[in-house]
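Asker: What follows is a single structure, and I will ask about it in a moment.
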Amino acid sequence: MSTFYLCSKNHSIVGQMDTYLAFHRDNRHRKTEDHEKNFNPSFPSRHNVSEESARPNYVNNSPTSPYHLGRDVPSDEAINKIRTANSVTISPELFEKIYLNPQNAVKGELRNTFANPTPLALLGFLLSLSPLSCELMGWRGAGGDGIATVGAYYFIGGFLMSLGGILEFFLGNTFSFVVFCSFGGFWFTLGSTLTPSFNAYGAYAADPNQPAQGLTSPGFHASFGFFLLFMGLLSLIYLICALRTNLVFVAIFLGLLLTFVILTGAYWHTALGHTEMAERLQVAAGAFGFLATLAGWWIFFAQMLASVDFPFQIPVGDISHLITPFSERVKQKERYPA
């Protein structure tokens, strides 16, 4: 009698448990269907996210997101959902690594629509300065004040840096725009100065029929030295501004500053007839220029790795947090007037 009662009681409990589990299984399936029907790719609110989707679900020790895209979602639909969600954020360090520019707010979706022009302009800078630095140092018997690579100054340094600077302008990156366009103009100027048809140095030749004599004339070296001096001043301004970016960018402008200043001294010593000192200064200028290109190749490599989402990234030494932006100081004063 008692045995029959216990068996009946256990059978009743099992039946209740099966009913309870079936109810919750159907309820969970219904909520999942409602969530899929009411999926909204924009930022979710309490009205368009179901209770089940709002609750964290840990799979592989990571919470799911309402922006999760399954394997069966077509690529075009996935891209559209990501663009509509507008949930992709980028850290200031990564932004400055990619654009060489402090992060700023720009209206529109140009940065998400078009390619990043910064590596292209940086490549034009590197493929021009790297061989010039080797020529200034006289490696493997090189010389001639960089005349051998005058074509690179036009079609790589001047063209690519100017093109990249103009594209940076449309993306709203003011600092990169000014830097690239100014150095693009420098390469065009250097190339035209060394081109015989421009007669820049031919005007200083004692014999008009031998314009190459102007390259060794004191007047040409004394005059061209001023252009290099003010390029050094420009590099100093860029160096101060680069303190809001990263250490690699600081190293580039520091190397350029020393290159232009020392090269100015080399030209002025040549004008005074101090040939031995001028040659030493020229080698030193080429060495600092080469160091600047090493830093440039490093950040170019970092940008290319980031562009293809490589499994590892190389650091560039973010220092933007060391100097408080002026806009943040204004906000702090408005928040705490005292």
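Every residue gets a Cβ built from N, Cα and C, even glycine.
Automatic prediction, not curation, is the source of TrEMBL annotations.
From a predicted model like this one, the values you see are computed outputs, not experimental measurements.
What TrEMBL records for this protein is below:
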- 31-70: region 'Disordered' (REGION)
- 120-139: transmembrane segment (TRANSMEM)
- 151-170: transmembrane segment (TRANSMEM)
- 177-198: transmembrane segment (TRANSMEM)
- 218-240: transmembrane segment (TRANSMEM)
- 247-269: transmembrane segment (TRANSMEM)
- 281-301: transmembrane segment (TRANSMEM)
Asker: Out of 151-170, 177-198, 218-240, 247-269, 281-301, which stretch touches the transmembrane segment (120-139) the most, going by CB pairs under 8 Å?
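Answerer: By the under-8 Å Cβ criterion, the transmembrane segment (120-139) pairs most with 281-301.
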Asker: Considering only Cβ pairs under 8 Å, which range in 151-170, 177-198, 218-240, 281-301 makes the most contacts with the transmembrane segment (247-269)?
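Answerer: Most Cβ pairs under 8 Å with the transmembrane segment (247-269) come from 281-301.
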Asker: Are there residues at least six beyond either end of the transmembrane segment (218-240) with Cβ under 8 Å to its Cβ atoms? List them, or say none.
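Answerer: That would be 179, 182, 186, 189, 193, 200-201, 204, 250, 253-254, 256-257, 259-261, 263-264, 267-268, 270-273.
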Asker: What same-chain residues lie close to the transmembrane segment (151-170): Cβ under 8 Å, and 6 or more beyond its ends?
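Answerer: Residues 99, 101, 110, 114, 117-118, 120-125, 127-129, 131, 176-188, 190-191, 194 contact the transmembrane segment (151-170) from elsewhere in the chain.
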